[in-house]
Amino acid sequence: MSEEKSIERKDSVYEYSKEVQHIDNVRNINAKLANPLSGIPHDKLMANAAQFAEDHGLGHLKEEFKKGALVAQDPTAFESLPMLDDADRNVLRRELTHRWDQPWELYYLVILCSLAAAVQGMDESVINGANLFFAPQFGLDQKATDGSAGRNQWLLGLVNSAPYLCCGVVACWLTAPLNAYLGRRGTIFVTAFVSFASCIWQGVTNSWQHLFVARFVLGFGIGPKSATVPVYAAECAPPVIRGALVMMWQMWTAFGIMIGNVMDLAFYHVPDKPHIHGLNWRLMLGSAGVPALIIMSQVFFCPESPRWLMSKGRYDKAYESLLRLRHAPIQAARDLYYIHTLLETEKEITTGRNRFLELFTVPRNRRAALASTIVMFLQQFCGVNVIAYYSSNIFAEANFTEIQALLASWGFGMVNWLFAFPAVYTIDTFGRRNLLLTTFPLMAIFLLMTGFAFWIPEGKARLAVVALGIYLFGMAYSPGEGPVPFTYSAEAYPLYVRDIGMSLSTAVLWFFNFVVAITFPRLLGAFQPQGAFGWYAGWNIVGFFLILLFLPETKALSLEELDQVFSVPTRTHAAYQLKALPRNIKKYIFRMKVKDMPPLYEHEGAIGEKTYAPPGAGH
């Protein structure tokens with residue numbers, strides 16, 4: 001062996017050793033968090049639970065906490081626990097066999113969270129129809145012949161994108177302090193109030209500068225709410241339906257986008273009144289504040305997040321909250337004790353650590369951050385929000401009448417919502433990565449189809465093909481890049497950095513939302529519709545390869561298996577997927593018989609053992 005090869009081998013083994021050491025560190029952290037009660041003898045566990053009850057003013061519930069701690073240690077072994085009576089076993093049995101049989105207060109909370117998501121969608125989409133009216137009223141004519149068209153296109157983009165500029169730069173980073181001081185319900189109340197007030201404010205503006213300021217303030221209602229509501233729902237829901245509730249955020253945001261289009265149609269024909277010019281678009285923008293007012297009036301009737309109450313030392317209130325969210329005291333005691341144990345373990349783990357820095361210095365975390373950032377970025381640059389915010393302008397470019405443009409926009413909102421339903425099933429069966437790899441090429445094709453349709457001579461054929469292309473794009477987007485980013489980001493990060501990782505991912509999402517919203521009017525003017533749609537079609541092709549190379553599959557994996565998946569070096573993962581691509585094309589597109597490739601992951605083995613084999617590593 002030459003000296004160069006020997007050095008290369010030593011470097012490779014050294015890198016491999018460093019990687020395994022990082023894997024072991026993360027594995028130790030997540031092993032503690034996976035179930036901190038594992039391995040504790042029953043006698044000691046019950047004594048700890050009794051002491052916990054005494055220390056937190058719940059001494060009269062010692063027996064319930066003893067039973068709850070035993071069930072929390074191994075939730076599937078309750079049938080063999082002698083301390084439980086038949087009533088306890090029946091409750092726990094039914095919890096497994098009838099997972100949607102939950103207290104009405106939990107469903108009330110789910111409805112409130114869904115309404116909050118719908119407010120989010122309305123805040124984003126009512127501007128779609130209003131663009132047709134306030135732009136010319138405020139001197140932002142997109143087709144001005146005096147040379148100001150380019151400036152006007154940039155200014156329209158700036159006004160439209162103002163909330164997302166606020167979210168990406170300021171508002172999302174206020175989520176943590178707002179939650180720390182006000183709790184989940186308080187944060188939702190304040191952000192709903194900001195949404196309500198700024199929506200009304202938008203309706204009484206008298207210049208584009210004034211409207212820009214009102215919409216910028218709206219960002220303080222959108223950003224923290226988008227990060228708080230899914231967390232609130234997840235912390236209150238039992239594990240068996242938690243994943244489905246994460247999906248609800250995206251689904252009901254799509255519903256809100258559709259209702260925003262309905263409001264645009266409902267107020268289109270409203271005539272001006274004396275001294276009120278543009279009453280129709282003012283009512284469109286103001287309408288999004290009404291459901292926010294409903295949230296404000298109802299949120300404090302829901303229980304507060306038990307986890308937040310416990311983080312403030314209010315264990316008695318946390319137990320009362322869980323009693324409202326669970327059917328029986330044993331479930332409340334089990335969940336309270338288990339959350340307490342996790343909180344104590346997290347304190348132990350995070351003391352003296354810079355968790356934000358570890359997002360980038362620990363390879364396993366860095367790969368999760370890279371994958372999450374990619375899917376959040378692509379949700380904006382796949383082109384969907386261009387259609388959500390500007391479809392009325394796009395349809396008007398295709399010579400739709402204004403009312404036809406608004407009707408067609410409503411149709412897109414309906415398609416976007418209805419085709420989100422299949423993802424509730426496919427996201428956990430077909431998988432996150434496979435959904436994206438299947439839908440991104442389709443989205444590129446349908447965007448090109450829409451753009452090229454503008455070369456069809458004016459007439460019904462052009463109208464039909466433009467509408468069909470946009471609707472087909474919505475059908476491809478909704479079960480794929482629609483629900484996957486939030487779901488993927490929520491599960492990719494290790495628990496001990498998940499809140500910081502989600503803040504980063506959400507900030508990336510809203511910042512690039514701002515970029516898309518501010519640039520599209522000018523892009524449409526400079527590139528024309530053919531070039532604008534071609535631009536985003538190109539990003540969908542880029543997105544396909546980014547997902548292929550850098551996005552591991554995460555469906556139905558445990559914490560330990562996720563560590564293993566994200567422990568594979570990026571270069572190794574990308575090289576494997578490039579080799580697999582031709583084989584998969586032959587197998588799944590041309591239906592040819594091809595040999596199976598050796599698996600990249602071996603989930604049945606220990607992390608770091610035969611997970612991957614770098615050159616000369618000896619495996």
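Using the three backbone atoms N, Cα and C, a Cβ is placed for every residue, glycine included.
Automatic prediction, not curation, is the source of TrEMBL annotations.
Looking only at the domain 'Major facilitator superfamily (MFS) profile' (109-555), the predicted model's pLDDT averages out at 86. Residues or ranges marked as domain 'Major facilitator superfamily (MFS) profile' in TrEMBL: 109-555.
Sequence annotations record features per position, and here TrEMBL assigns transmembrane segment to 154-174 (among others).
According to TrEMBL, the feature transmembrane segment maps to 186-204 (among others).
Per TrEMBL, transmembrane segment is recorded for 249-267 (among others).
If you look at the transmembrane segment (279-301), the same-chain residues 6 or more away from its ends with a CB under 8 A from one of its CBs are 108, 112, 115-116, 118-119, 122-123, 126-127, 129-130, 132-134, 137, 185, 188-189, 192-193, 195-200, 202-204, 221, 260, 263-264, 266-273. Residues annotated as transmembrane segment in TrEMBL: 279-301 (among others).
Per TrEMBL, transmembrane segment is recorded for 368-391 (among others). Same-chain residues lying 6 or more positions outside the transmembrane segment (368-391) and placing a CB less than 8 Å from one of its CB atoms are 124-125, 127-128, 131, 160, 257, 359-360, 405, 408-409, 412-413, 416, 436, 440, 443, 447, 470, 473-474, 477, 481-482, 484-485, 488-489, 492-494, 501, 504-506, 508-509, 512-513, 515-517, 520-521, 524, 532-533, 536-537, 539-540, 543, 546-547, 550-552, 566, 570.
Feature annotation from TrEMBL assigns transmembrane segment to 403-423 (among others).
For the transmembrane segment (435-456), the residues of the chain that approach it from at least six positions outside its boundaries are 375, 378, 382-383, 397-398, 423, 426-427, 462, 465-466, 468-470, 472-473, 476-477, 479-481, 484, 528-534, 536-538, 540-541, 543-544, 547-548, 551, judged by C-beta separation under 8 angstroms. Positions annotated as transmembrane segment by TrEMBL: 435-456 (among others).
Beyond the transmembrane segment (463-480), the same-chain residues lying 6 or more positions past its ends with a Cβ under 8 Å from any Cβ of the stretch are 254, 382-384, 387, 391, 394-395, 398-400, 404, 408, 411-412, 415-420, 422-423, 426, 435-436, 438-440, 442-443, 446-447, 449-451, 453-454, 456. Taken from TrEMBL, the feature transmembrane segment applies to 463-480 (among others).
Sequence annotations record features per position, and here TrEMBL assigns transmembrane segment to 500-520 (among others).
Sequence-distant contacts of the transmembrane segment (532-551) (same chain, six or more residues past either end, CB-CB distance under 8 Å): 367, 370-371, 374-375, 378, 381-383, 386, 432-433, 436-437, 440-441, 443-445, 447-448, 450-451, 481, 488, 520, 523-524, 570, 573-574, 577-578, 581. Residues annotated as transmembrane segment in TrEMBL: 532-551 (among others).
Long-range neighbours of the transmembrane segment (500-520) within the same chain, counting only residues 6 or more positions beyond its ends whose Cβ lies under 8 Å from a Cβ of the stretch, are 154, 157-158, 160-161, 164-165, 167-169, 171-173, 175-176, 219, 222-223, 226-227, 231, 355-356, 359, 365, 368-369, 372-373, 376-377, 379-381, 385-386, 389-390, 485, 489-490, 492-493, 532.
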